[in-house]
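Written below as structure tokens is the structure these notes are about.
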Amino acid sequence: MTILFLTMVISYFGCMKAAPMKEVNVHGQGNLAYPGVRTHGTLESVNGPRAGSRGLTTTSLADTFEHVIEELLDEDQKVRPNEENHKDADLYTSRVMLSSQVPLEPPLLFLLEEYKNYLDAANMSMRVRRHSDPARRGELSVCDSISEWVTAADKKTAVDMSGGTVTVLEKVPVSKGQLKQYFYETKCNPMGYTKEGCRGIDKRHWNSQCRTTQSYVRALTMDSKKRIGWRFIRIDTSCVCTLTIKRGR
């Protein structure tokens, strides 16, 4: 399974032909170099010239990805906005990717989370694993959601952290040309079975509704004064159930 997972990750990086860009501080919005979140390029761009060679071992590859994830998590802590002022939104830098083509897989951190869940399940006994399988227990999501990669051409505008409307730029200039901005969005499924209310809620006592919520990610944008820079914008990242109690019964 480890080899299969690493193969998936190699394919994930291989389909992204993005050039590495210089990192800058979050406050340096005038610089077009992408801060914090890295582009997904070849293995050579991630870990030097030797990382892309065919002689790369499984151990060194795993160390490479572990190092990348640690840097992403460290950067996430550095640029996280004041949580007291933004309690209604989180920061998901892993949902943004710069690429020359549509990504074929979910964000890398999502794949790592699935892999972690597999390892946890592998440590269970057969009986415990069988009974912990959501499909066997008949578990269903409270709200049906869909996730997909979208481009700035789909979004066009977004709301930044100050509440202003900014234009999301479709392409980002790099040393060897331009790359498109892709955003991994999750929202409530309008064609799902929960469009009339949350699943499993007692309708005699509660009013329920599945609602799409948003989080902050960083993207290259242009404000109303034509100033281009990296800003935090809101994108759809989850589908949650909201409840209100029925009164007058």
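Each residue, glycine too, has its Cβ placed from N, Cα and C.
Residues annotated as signal peptide in Swiss-Prot, with sequence analysis given as evidence: 1-18. Under the heading N-linked glycosylation site, Swiss-Prot lists Asn123, citing sequence analysis as support. Feature annotation from Swiss-Prot assigns disulfide bond to Cys143-Cys210, Cys188-Cys239, Cys198-Cys241; the stated evidence is similarity to another entry.
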Between Cys239 (disulfide bond) and Cys210 (disulfide bond), what C-alpha distance do you get in Å? 6
Three-class DSSP secondary structure - Cys143 (disulfide bond): coil
Mind checking which of Cys143, Cys239, Cys241 has the fewest other CB atoms within 10 A of its CB? They're the disulfide-bonded residues. Cys241
Relative to the Cα of Cys241 (disulfide bond), which of the disulfide-bonded residues Cys143, Cys188, Cys210 has the closest Cα? Cys210
